[in-house]
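Participant: Per Swiss-Prot, the features are:
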- 33-53: transmembrane segment (TRANSMEM)
- 77-98: transmembrane segment (TRANSMEM)
- His83, His182: heme b b562 binding site (BINDING)
- His97, His196: heme b b566 binding site (BINDING)
- 113-133: transmembrane segment (TRANSMEM)
- 178-198: transmembrane segment (TRANSMEM)
- His201: ubiquinone binding site (BINDING)
- 226-246: transmembrane segment (TRANSMEM)
- 288-308: transmembrane segment (TRANSMEM)
- 320-340: transmembrane segment (TRANSMEM)
- 347-367: transmembrane segment (TRANSMEM)
Amino acid sequence: MTNTRKSHPLIKIINESFIDLPTPSNISAWWNFGSLLGVCLILQILTGLFLAMHYTSDTATAFSSVTHICRDVNYGWIIRYAHANGASLFFICLFMHVGRGMYYGSHAFLETWNIGIVLLFTVMATAFMGYVLPWGQMSFWGATVITNLLSAIPYIGTDLVEWIWGGFSVDKATLTRFFAFHFILPFIISALAAVHLLFLHETGSNNPSGVSSDSDKIPFHPYFTIKDILGLLIALTTLMMLVLFSPDLLGDPDNYTPANPLNTPPHIKPEWYFLFAYAILRSIPNKLGGVLALVLSIMILAIVPLLHTSKQRSMMFRPLSQCLFWLLVADLLTLTWIGGQPVEHPFITIGQLASILYFSIILILMPIFGTIENQLLKW
């Protein structure tokens with residue numbers, strides 16, 4: 001008789017995805033982040049669900065309801081901070097996951113890569129709307145500034161912004177719809193993640209060497225379930241350290257002041273995980289140009305596979321491209337730092353140089369270095 005997990009219509013799908021899945025034997029810890037992202041998503045949905053039970057999406061009571069969660073709800077503070085800092089863990093895993101894909105040439109799986117980009121945009125949209133919900137100063141002004149960017153779109157811009165706001169400014173209608181979207185999007189993300197996995201399992205996983213591993217595969221369970229659990233324990237320990245010891249480390253003090261449309265904070269800035277894109281936006285003096293650069297800073301990932309000129313898929317044996325990759329990482333860290341600084345000299349210049357370098361590395365230098373490495377292989 002066949003094992004139930006191999007014959008049952010529903011359990012069979014789980015079995016083929018997480019138990020008997022043939023996996024390259026040499027994948028490193030960089031392949032842990034996919035499962036970590038799944039755990040982050042489940043954690044965010046669960047904590048978010050419990051927060052939604054006590055939250056009110058009304059401008060008059062939103063701030064008070066978040067305070068009520070922290071003060072009066074049993075373990076409300078831990079749920080709230082696990083949710084807020086869980087978003088940071090989510091983005092750390094996302095950036096690592098995308099970086100891994102670029103480094104080891106996983107972008108050759110076009111469908112998986114493109115669904116991944118859609119996922120990245122969706123998660124960013126969800127996080128942005130979630131940041132608006134506590135209705136503090138930075139929530140309100142962040143929402144105002146970022147939604148206002150759409151007014152740069154020619155002809156329809158102003159109408160589009162007012163349509164999103166549901167009025168002539170960020171107000172009750174905006175908060176209510178942002179809550180509705182913030183609630184529904186994680187489920188859409190879950191569906192997209194399932195499609196992401198579906199496409200990945202059509203081709204099988206990539207591996208650090210970048211060559212086919214069909215001749216050397218092992219079952220996912222128990223080998224990689226154990227390996228993923230180690231990564232999970234490290235991630236959850238880090239998250240709980242953050243939540244229990246310094247929950248406000250990554251937040252903005254301005255968000256502990258209730259939203260006031262008559263008082264603008266001195267430095268409006270988003271959460272840390274958007275700062276690199278925010279720095280690119282600010283480095284262009286023109287409004288429409290800045291918005292385009294902001295979108296392109298993420299959309300550029302879509303043309304990474306088209307710019308792959310090297311005969312080798314992975315960067316494992318390409319030292320020149322490795323140097324370039326780590327320069328890109330350093331550049332993104334610089335942009336993140338600049339995004340949190342005030343708009344004044346020398347930060348403006350540093351931001352502009354870092355933005356130029358960001359696009360230059362991906363669009364110009366990486367393809368050139370790939371070609372040079374091809375020539376070096378002939379010698």
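Just so you know, glycine gets a Cβ as well, placed from its N, Cα and C.
Quick one: where do these features end up spatially?
Facilitator: Taking the Cβ of His83 (heme b b562 binding site) as reference, residues of its chain lying under 8 Å away and at least six apart in sequence are, in sequence order, Gln44, Thr47, Gly48, Leu51.
Within the same chain, residues at least six positions away from His97 (heme b b566 binding site) with a Cβ under 8 Å of its Cβ are Phe33, Gly34, Leu37, Gly116.
For the transmembrane segment (113-133), same-chain residues at least 6 beyond its ends with a Cβ under 8 Å from one of its own Cβ atoms are 55, 57, 62, 66, 87, 90-91, 94, 97-98, 101, 106-107, 139-140, 142-143, 146, 174-175, 178-179, 181-182, 185-186, 188-189, 192-193, 195-196, 199, 270-271, 273-274, 298-299, 301-302, 304-305.
Counting every protein chain shown, the Cβ of His201 (ubiquinone binding site) has 14 other Cβ atoms within 10 Å.
Beyond its flanks by at least six residues, the transmembrane segment (320-340) meets 99, 102-103, 269-270, 272, 274-280, 282, 310, 347, 350-351, 354-355, 357-358, 361-362, 365-366, 369-370, 372-373 of its own chain at Cβ-Cβ distances under 8 Å.
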Participant: Counting Cβ pairs under 8 Å that sit 6 or more residues apart, are there three or more between the transmembrane segment (178-198) and the transmembrane segment (33-53)?
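Facilitator: Yes, these stretches are in contact.
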Participant: Which residues of the chain, 6 or more past the ends of the transmembrane segment (226-246), have a CB below 8 A from one of its CBs?
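Facilitator: For the transmembrane segment (226-246), the list is 29, 32-33, 35-36, 39, 78, 81-82, 85-86, 88-89, 93.
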Participant: Cα-Cα, whole number of Å: His196 (heme b b566 binding site) versus His182 (heme b b562 binding site)?
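Facilitator: About 21 Å separate the Cα atoms of these two residues.
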Participant: Among all the protein chains here, how many other CB atoms are within 10 A of the CB of His196 (heme b b566 binding site)?
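Facilitator: Total other Cβ atoms inside 10 Å, all chains included: 21.
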Participant: Quick test of the contact rule: Cβ under 8 Å, at least six residues beyond the ends. What residues does that give for the transmembrane segment (33-53)?
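Facilitator: Contacts of the transmembrane segment (33-53) (Cβ under 8 Å, skipping residues fewer than 6 from its ends): 69, 79-80, 82-83, 86-87, 89-90, 93-94, 96-97, 100, 182-183, 186-187, 189-190, 193, 228, 231-232, 235.
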